[in-house]
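Got a structure for you, questions after.
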């Protein structure tokens, strides 16, 4: 008895037979379809049998097997496709845990030409196949194969192949890929069809596909108009948009005085308890100067606010809204409503007191203690007891510069020293010594040497 994904009861194995390469999927071009060029049209020709691994040509990109699930597309270069152990198997109704094993197959898609004439390679897309099915049906679980990543449920037996039927696209549509809660999707990848509108449009897409199947059967003998839409055209457009965004995103964003002022004003317009200080609106502008009642924040953290690299680890200690209301002592106090001329309004303050408890087993405990010790009561170690923001230097006008010049001109200059005073510090020559000895013998001291008693 074989299992059919998406059905509660197991069904019999179905055969895909000879089908046209375009299948019945209307909204998505899957990797198992031939990516045809715009000039290769099948209008007026009979349907060709599905290509296999031995019959597919080198031109184009063909995967000769139909996956039960939508693909996972890479949108960032240099990212590795991988899942943690026990994760990565898509969810499908009717498939027991013992059969949830298989591999993700990398489909290397074709390249396209951009409007400026450059050749762009579309990033690969990955498809899931159950163990014993798909392009590597004969491989053993865990074999080292280029472009294959093995995944399995923790309850699955990877020594035996899965008893899953192969998908017939004429009978079964591809299932949107979903994973068990807690599964971490590889970084740089997204699930096809996982947009915001995907859940709401599933029921509509099923009814539309049923109606389109009936119309296709009734008009199978009629000539179908040629489509002017190339396969993966949406992906080409998306790639162009991503390339454009990536180019623009690489340029540094310039913050002007006007934009910084707007950000600061936007923050200050919020209630005090909703403000988030940052570089544009530092801590003191949001909450006032540091002191006994607001005693946290060193000089660096006061400038950067929540942009400080050390702040995220402190945020781990912050209580949740539930812990704030249910784990604190709260007191509602009515405040004075202001001056006599101001309109009357009731002002209240919700006073709270509580504690945040942690111990040395907390991850990053030493770093947290270091940051706390540097910022608690840091205002006491600063000049004046509080952190005062130094005023901006004012530009000097021409008048102020002239006044400054006049002040310099009026400054009295000290009288220069006498020649003897200027020479006191230099070394004495033999002639100086002889003259000095003669002066001492005569008892006559020249002017300027009366105070030099040590000479």
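From the backbone N, Cα and C atoms, a Cβ is placed for every residue, glycine too.
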Let me know which member of 125, 178, 264 Swiss-Prot also records as binding RNA at the site of 109, 167.
125
Can you tell me the CA-to-CA distance separating residue 170 (phosphoserine) and residue 177 (phosphothreonine), as a whole number of Å?
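Distance (Cα to Cα, whole Å): 19 Å.
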Summarise the model's confidence over the domain 'CoV N NTD' (64-193) as a mean pLDDT value.
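Within the domain 'CoV N NTD' (64-193), the model's average pLDDT equals 88.
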Return the member of 162, 177, 429 nearest to residue 125 (RNA binding site) in space, with distance defined Cα to Cα and candidates limited to these modified residues.
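In terms of Cα distance, residue 125 (RNA binding site) lies closest to 177.
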Between all pairs in 109, 125, 167 (listed as RNA binders), what's the biggest Cα distance, rounded to the nearest Å?
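Among the residues the record ties to RNA, max Cα distance equals 22 Å.
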Can you figure out which of 109, 162, 167, 177 (the recorded positions) comes closest in space to residue 429 (phosphothreonine), comparing Cα atoms?
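For residue 429 (phosphothreonine), the closest Cα among 109, 162, 167, 177 is found at 109.
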Do any residues at least six apart in sequence from residue 162 (phosphoserine), in the same chain, have a Cβ closer than 8 Å to its Cβ, and if so which, in order?
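Residue 162 (phosphoserine) has long-range Cβ partners 3, 99, 101, 102, 130, 131, 132, 133.
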